[in-house]
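> Structure provided below as structure tokens; questions to follow.
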Amino acid sequence: MQRVTNSSSSPSLLNDSAKPYAGHDPLTSPASSLFNDFGALNISQRRKPRKYRLGMLEERLVPMGSKARKAKNPIGCLADRCKSGVPINMVWWNRVTENNLQTPNPTASEFIPKGGSTSRLSNVSQSNMSAFSQVFSHPSLGSPAAAGLAPGMSLSAGSSPLHSPKITPHTSPAPRRRSHTPNPANYMVPSSASTSVNNPVSQTPSSGQVIQKETVGGTTYFYTDTTPAPLTGMVFPNYHIYPPTAPHVAYMQPKANAPSFFMADELRQELINRHLITMAQIDQADMPAVPTEVDSYHSLFPLEPLPPPNRIQKSSNFGYITSCYKAVNSKDDLPYCLRRIHGFRLVNTKCMVLVDMWKKIQHSNIVTLREVFTTKAFAEPSLVFAYDFHAGGETMMSRHFNDPNADAYFTKRKWGQHDGPLPRQHAGLLPESLIWAYIVQLSSALRTIHTAGLACRVMDPTKILITGKTRLRVNCVGVFDVLTFDNSQNNNPLALMAQYQQADLISLGKVVLALACNSLAGIQRENLQKAMELVTINYSSDLKNLILYLLTDQNRMRSVNDIMPMIGARFYTQLDAAQMRNDVIEEDLAKEVQNGRLFRLLAKLGTINERPEFQKDPTWSETGDRYLLKLFRDHLFHQVTEAGAPWIDLSHIISCLNKLDAGVPEKISLISRDEKSVLVVTYSDLKRCFENTFQELIAAANGQL
């Protein structure tokens with residue numbers, strides 16, 4: 001059993017921050033830059049696998065069997081020795097590991113890139129390397145070869161060549177630079193301007209730029225390095241740590257006791273509901289009327305109650321019986337929303353000109369139309385419109401106009417009955433800020449549609465989707481353009497668009513008035529005056545003037561741009577709310593961004609630990625590098641307190657996994673389960689054992705062993 005050790009200090013669960021681990025000075029550490037970005041990490045991408053000299057180990061290690069003789073790794077041999085119960089001199093082991101596991105010399109021949117890369121190293125400016133080496137004091141940067149690197153540059157880093165051929169060969173340095181991991185020091189303001197290189201071919205660069213030269217495959221590339229020099233004294237952690245919540249987000253949180261390690265429960269539940277709706281399916285035996293496949297779509301799922309087969313009543317919007325399904329396109333495996341028009345025969349295909357125009361419209365408040373096709377898969381001719389699928393969306397009708405008591409104010413009273421109290425904001429009426437949020441989104445959608453030369457024609461509460469709290473999307477666009485297309489429009493399908501656009505403004509006014517009254521009865525002609533009185537009493541004059549402008553006939557052609565002055569500064573309020581919402585979501589994303597990496601790390605570790613047999617060797621997981629990883633697994637999950645109780649600390653697990661992934665030079669003590677053997681290794685040694693072992697499994701899985 002593992003005992004609680006003091007090899008590292010884990011982030012506290014109380015303040016959601018990370019403490020520097022003990023025994024590690026970031027200023028004097030050989031790997032003080034973030035993830036060793038300018039040190040051995042970049043150089044190791046080109047060098048050959050490191051082979052340790054057994055030297056002193058061979059003189060003292062006594063093979064304990066065939067498995068120990070096969071092990072090429074001295075640490076693996078020592079792990080076998082620990083497992084067999086042979087005592088170890090810990091002082092001797094520390095001295096040997098420090099002598100034999102030191103950082104390789106980057107000036108050795110195995111680290112020099114082939115193809116004449118030495119010319120690049122000899123021609124690079126060295127003006128800022130003194131300040132750079134003080135901050136990022138990696139041993140490889142102190143060598144003559146690495147000293148020629150420009151600030152922030154490594155053998156695989158840099159900008160794209162300026163004078164390379166138009167068709168960049170695959171051996172050029174450009175692809176390697178695009179895949180290079182960025183260093184946070186590159187984004188800092190330079191403390192001093194860089195000087196140019198002494199190169200007769202290059203021109204004098206501007207302040208803060210360095211002309212780089214690199215020869216790959218016989219081709220010489222010249223390019224400008226605009227990487228700023230890091231500020232003196234900058235120190236970054238060399239493994240992943242988790243900062244606390246940003247202050248501008250922390251102060252806007254409505255709940256002080258909100259979870260700090262994971263995303264908000266409300267957002268998580270909303271995303272889970274969307275995933276469930278997206279993956280929902282039907283039992284084909286219970287719904288035989290739903291076909292298994294329609295054109296290139298399969299897995300149909302009704303989003304609305306299916307109309308009865310003998311239904312005569314038609315849709316109040318389109319004049320046809322309609323139904324809606326979620327389906328998956330077999331071409332791209334993405335979910336879409338299919339709006340089916342029952343019993344419709346498409347006679348004139350010239351309306352597809354308008355459909356093509358709708359396909360080009362991409363807007364955040366419009367459900368995009370993807371395609372229109374005819375089918376007989378429903379046992380009758382049908383016209384199907386395919387739209388983007390937005391899981392969890394509900395119509396404005398079901399969100400705001402589903403209360404039968406909301407129409408009580410406009411209902412005629414019997415003789416002797418008195419009118420009840422007038423509805424007020426937050427007491428029967430919607431808040432004005434919410435109405436303006438809807439107005440901004442709907443007017444933005446209309447502006448985009450009218451600019452494209454089209455008309456919405458579906459500005460109705462039953463065709464406006466609401467996702468989340470206030471996000472609106474206009475649905476079913478383009479349906480009327482196909483259903484009402486006739487032969488008189490063959491010459492000019494857009495001839496009547498101006499009239500339809502004016503009708504869109506009137507429909508927008510009716511929607512806003514219904515929202516202000518919180519009742520569809522308010523837009524009826526006999527209740528119009530009473531509805532406007534309600535708006536005048538409860539809302540601002542700007543909202544009243546906007547409704548009057550949209551509903552009143554004008555002597556001239558109106559435009560959606562005319563209502564922009566009425567919206568005024570409220571547009572900035574909505575923009576500010578959207579950006580604050582974006583900050584909150586980004587903060588929630590930051591809490592979960594490392595989870596995938598940690599899960600992959602645990603998945604790889606799980607494929608190695610306790611493997612019953614590998615290559616017909618039942619003791620494979622108990623020998624060599626695998627035994628070290630087994631002890632590390634116990635160090636992660638199986639520690640106990642002095643009283644023998646399980647010691648469970650999530651921050652300890654996360655901190656150790658992050659250090660393993662980064663390969664930090666911090667030492668860790670691994671104790672066997674019988675507590676008779678202790679191994680002191682570094683996380684970099686564990687990472688090397690971990691990667692080599694997993695690559696061995698991958699090679700066997702691919703049949704390469």
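Yeah, the Cβs are placed from backbone N, Cα and C, and that goes for glycine too.
Quick paste of what TrEMBL says about this protein:
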| type | residues | note |
| --- | --- | --- |
| REGION | 1-25 | region 'Disordered' |
| COMPBIAS | 1-17 | compositional bias 'Low complexity' |
| REGION | 104-123 | region 'Disordered' |
| REGION | 152-210 | region 'Disordered' |
| COMPBIAS | 152-162 | compositional bias 'Low complexity' |
| COMPBIAS | 181-210 | compositional bias 'Polar residues' |
| DOMAIN | 310-572 | domain 'Protein kinase' |
| BINDING | ARG339, ASP388, PHE389, HIS390, ALA391, GLY392, GLY393, GLU394, THR395, THR462, LYS463 | ATP binding site |
| COILED | 569-607 | coiled coil |
| REGION | 608-705 | region 'Knob domain' |
> Within the same chain, where does the coiled coil (569-607) have neighbours whose Cβ lies under 8 angstroms from its own Cβ atoms, ignoring anything closer than 6 residues to its ends? I mean 6 or more beyond.
240, 242, 245-246, 248-249, 252-253, 260-264, 267, 433, 436-437, 440, 629, 633, 654, 657-658, 660-661, 690, 694, 697
> Write out the long-range same-chain contacts of ALA391 (ATP binding site), meaning residues 6 or more apart in sequence whose Cβ is under 8 Å from its Cβ.
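Counting only residues 6 or more apart in sequence, the Cβ neighbours of ALA391 (ATP binding site) under 8 Å are ASN273, ARG274, HIS275, ILE277, THR278, PRO335.
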> Taking 10 A as the limit, how many CB atoms besides its own sit near the CB of PHE389 (ATP binding site)?
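That number is 19.
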> Within 10 angstroms of the C-beta of THR395 (ATP binding site), what count of other C-beta atoms is obtained when all protein chains are considered?
17
> Validating a neighbour-count step here. Other CB atoms within 10 A of the CB of LYS463 (ATP binding site): how many?
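By my count, 21.
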> Over all pairs in ARG339, ASP388, PHE389, HIS390, ALA391, GLY392, GLY393, GLU394, THR395, THR462, LYS463, the listed ATP binding residues, work out the largest Cα-Cα distance in Å.
17
> For a quick check of packing: other C-beta atoms within 10 Å of the C-beta of ARG339 (ATP binding site), how many?
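The Cβ of ARG339 (ATP binding site) has 23 Cβ neighbours within 10 Å.
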> In the region 'Knob domain' (608-705), how many residues does DSSP put in helix, strand and coil?
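So the region 'Knob domain' (608-705) is made up of 50 helix, 15 strand, 33 coil.
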> Tell me which residues of the chain lie with their Cβ under 8 angstroms from that of GLY393 (ATP binding site), as long as they are six or more apart in sequence?
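For GLY393 (ATP binding site), the qualifying residues are LEU465, ILE466, THR467, ARG473.
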